[in-house]
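Below is one structure, written out as structure tokens; comments come after it.
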Amino acid sequence: MRLPTSKFQKYMQRFFYRLGLSIGNHPKLYIVSLLVFTIFACSGFLRFHQINNARVTFTAHDSPSHLESAMFSKFLKQNGSLHMIEVIVSANDNGNLLRGAWRNQLKNLTNEIINDVKTNESELYFGDLCEPYCEKNDALYAVLDIFDDRNTSEPDSFELKYPSSILLGHQVFLGNSLYGVTIEASTGKIISFNTVLLRYYLTHRELAPMVDFENQLMDLIYNTSKYPLLNAQLGSDVQVAKEVKKLGTSSAPYLGLSLIFLIFFLSICSLRYYWSESKPIEACLGAFIPVLSGLTTIGLVSATGLAFQSIVVSTLFLVLAIGIDDVFIILAAWHRTDRSLTIPVRIARTVEEAGCSMTVTTVTNLISFGNGVFSTTPILQTFAIYSSAASVICFIYQLIIFPAIIAITAPKEYNNSKNERTIKIIKKGSEFGDKVWIWLAEKIEKSWMKLFVILILCIYWFIAAEGIISMKTDLSIQKMGDKNSLIVKFKDTLDAISREMQSVAILVNSPGDLRNASNMEQIQKMVEEFERATYSYGSDSTVCWISQYLKFLEFYEEESSEFSYQSFGAFLKVEPQFKPMIRYNLEKCEKNDPKCIESFIFTTGFTSVAKYHEMFPLLQEWRRIASNYPQFQIYPYTERSNFADQTNDMVSNIWQTVLSEVVCMAISFILFVPDISSIFSAVFSLLSVNLGVFGFLSIWGVGMDPISLAALLMSIGFSVDITAHISYHYYQVEEKSSRKKLEHVYQNIGWPTMQGGISTMLAMLPIIISPSYLGMRQQSQNAVVSSNPQLSFSDAFEKDVSFGQDIQRY
């Protein structure tokens with residue numbers, strides 16, 4: 001049944017006919033105009049810049065971790081920017097690092113990092129960059145010094161306990177520095193450890209000197225052989241950003257290879273029985289139009305100031321695939337025109353037919369990517385903006401430039417000659433293809449074929465459902481990066497050792513008046529709640545100045561049991577390790593003013609969890625505890641908080657995307673394919689494709705994350721293109737018999753649609769040569785979409801509904 005919106009088709013056809021007629025009469029003018037516009041758009045490259053900070057771009061804008069991270073950054077940045085570097089050191093034989101030779105090399109390495117490593121340009125040493133965090137690793141240094149003085153690896157003569165111990169009269173937390181720890185069961189004494197984690201916090205007004213220092217440290221760790229008994233690894237956000245950047249830089253060079261594959265494929269597919277009708281040169285030129293579209297897209301979007309991200313490289317592959325698909329549609333429409341017509345009229349008819357079909361798929365692509373524009377995840381939003389712009393620009397360029405090229409070269413078709421060359425194999429192939437399409441149209445109406453497709457579809461849905469039930473949302477650099485890269489190996493090691501012990505830092509931004517007994521009691525109660533949280537190691541892993549200060553007051557202020565700020569300055573001289581963890585004003589302290597302590601951080605340990613999806617429930621529990629004490633403005637934070645939030649955000653993003661896609665696609669089909677059977681089958685197909693992609697990728701071990709969701713948006717557009725082409729042409733056919741409708745659709749749009757699908761696979765083929773996380777996700781999803789039995793079900797469904805309508809006509 002046709003809807004009233006079918007009138008929209010007539011206006012669209014009239015517009016494209018007039019546009020085509022104008023292009024046919026002035027082809028060179030249109031080509032030159034768009035080339036000039038491309039040059040103008042490329043001026044936007046002057047504002048081109050990249051951002052690859054996974055901690056920021058992979059997590060939704062409204063995630064609580066962004067606020068928590070901002071509050072901690074504000075607290076920690078005393079001297080400008082803060083840059084954190086982690087170094088993991090283990091014995092080369094995975095043995096005890098307390099053995100003499102290994103201990104000496106470890107001590108020499110730490111001394112060289114502190115005293116000898118310097119930046120190239122400004123010659124800044126660690127001591128020039130670390131204030132006030134220079135003593136971050138002092139507990140470990142003290143352990144090494146003590147064993148060095150005793151010249152033994154046996155800790156029998158003093159108490160060295162895990163995770164906290166008394167060293168040089170101070171209680172220190174060793175749990176987040178020592179790993180692979182063996183302890184004596186009866187006493188809790190540390191017997192040995194095989195791995196240490198060193199943390200270097202750098203502060204400076206500018207990031208460049210800190211990155212320079214990191215590069216020199218990288219050179220020491222990876223490019224020298226000074227410490228053969230040790231295995232050292234380094235990690236930081238800078239190293240992660242470099243690996244994320246490689247997602248694009250490793251794939252970008254293969255765009256040229258994709259273009260070569262597509263040009264070859266286009267040239268073969270453009271051949272006709274009569275050589276004069278073949279258009280290999282035009283097809284090759286058509287393959288370069290997406291390149292112009294890609295340059296124009298990046299230039300225009302860069303001009304707005306939006307940062308380029310590595311994921312956008314996939315958009316360039318997408319533009320290639322879309323552009324080549326349009327070439328097939330335009331060529332097919334051209335060859336269906338009457339050769340007795342003038343060239344401008346033939347171009348008008350071509351643009352009229354191809355333009356309507358291309359508009360449907362462009363709108364569906366725009367809807368698919370447009371949903372991502374409203375995403376709160378920056379990387380998805382950027383990808384969607386670039387892809388939406390690319391879809392529209394590629395549509396305009398192909399619809400104008402390629403018909404203009406055909407208009408310029410078309411006269412050769414009219415140069416008839418008695419010695420007209422022919423390609424006989426093309427004629428045989430065409431005849432065979434027509435027979436196959438007719439056979440397929442005939443078989444689809446058979447009951448056994450419908451039952452067979454439904455059976456396959458049910459199996460497909462069952463497998464997809466199994467995958468969806470077990471679907472996980474997780475993203476790590478190990479999934480995205482090269483398995484052999486240094487940062488991936490570092491993260492693998494860090495995840496393995498982190499299960500033994502990690503620390504959560506809790507910022508108390510407004511502690512209030514600690515002289516108030518009730519207020520102090522609430523603070524202590526809050527600390528205890530964090531110590532009792534799931535996976536918490538307990539009070540032995542807590543580092544908090546308050547408990548130590550109370551002991552200090554009890555020892556030195558015997559005449560008074562009341563809390564006072566006046567001794568705080570003296571306390572810091574005795575316990576200087578707490579200085580970086582407190583923001584204080586000594587003048588206020590001397591006056592016993594509550595403003596003495598502006599804010600502070602305490603830490604407590606937790607174990608057993610390391611994966612981001614495992615961390616999220618624990619993160620939620622910490623936030624719940626913090627919400628119980630709003631007067632203190634508490635913010636819990638770990639280095640994994642941003643990515644843990646991302647795993648939760650993805651769940652809602654996925655289903656919101658699916659729902660919005662289905663609704664928006666239905667609305668677009670009401671306008672462009674105003675036929676109820678076509679609308680229902682297209683929406684049903686879209687839903688099936690989505691569920692299938694989710695389920696099968698989950699079974700293949702690919703969790704859902706921003707990268708996979710971006711690839712999913714591409715796959716949705718691809719799947720809807722197929723459905724849209726078939727549905728639109730099926731709707732346009734005036735044949736009364738549903739079988740004749742299918743035959744007409746298959747013969748006229750079946751092969752171009754198949755060519756578009758093959759070209760999409762060819763565009764992504766080079767990814768197999770140089771695998772990247774995004775490329776492989778897209779290739780996997782394309783495979784699922786291409787093999788989806790729902791596409792056959794759509795044809796069968798439209799056939800059934802149309803058959804019912806045929807009966808009504810008679």
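Positions of Cβ are set from backbone N, Cα and C atoms, glycine also.
Where the annotation comes from TrEMBL, it is an automatic prediction and has not been curated.
Quick look at what TrEMBL lists:
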- 29-48: transmembrane segment (TRANSMEM)
- 254-275: transmembrane segment (TRANSMEM)
- 259-408: domain 'SSD' (DOMAIN)
- 287-308: transmembrane segment (TRANSMEM)
- 315-334: transmembrane segment (TRANSMEM)
- 383-408: transmembrane segment (TRANSMEM)
- 451-471: transmembrane segment (TRANSMEM)
- 654-673: transmembrane segment (TRANSMEM)
- 680-701: transmembrane segment (TRANSMEM)
- 707-728: transmembrane segment (TRANSMEM)
- 749-769: transmembrane segment (TRANSMEM)
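Averaged over the domain 'SSD' (259-408), the predicted model has a pLDDT of 87. Segment contact holds for the transmembrane segment (680-701) and the transmembrane segment (451-471), given three or more CB pairs below 8 angstroms at sequence separation of 6 or more. Between the transmembrane segment (29-48) and the transmembrane segment (383-408), three or more CB pairs separated by 6 or more residues in sequence fall under 8 Å, so the two stretches touch. Listed as Cβ neighbours of the transmembrane segment (287-308) (distance under 8 Å, sequence separation of 6 or more from its ends, same chain) are residues 34-35, 37-38, 41-45, 47-51, 259, 262-263, 266, 315-316, 319-320, 322-324, 327, 382, 385-386, 389-390, 393-394, 397-398, 401-402. Long-range contacts of the transmembrane segment (315-334) within the same chain: residues 251-252, 255, 258-259, 262, 265-266, 269-270, 279, 283, 286-287, 289-291, 293-294, 297, 346-347, 349-351, 353-354, 357-358, 361, 365, 383, 386-387, 390-391, 394-395, 397-399, 402-403, 406, 714, 717-718, 721, 725, 748-749, 751-752, 755-756, 759-760, 763-764, 775, 778, each at least 6 residues beyond the stretch ends and with a Cβ under 8 Å from a Cβ of the stretch. Here the domain 'SSD' (259-408) is broken down by DSSP into helix, strand and coil counts: 126 helix, 2 strand, 22 coil.
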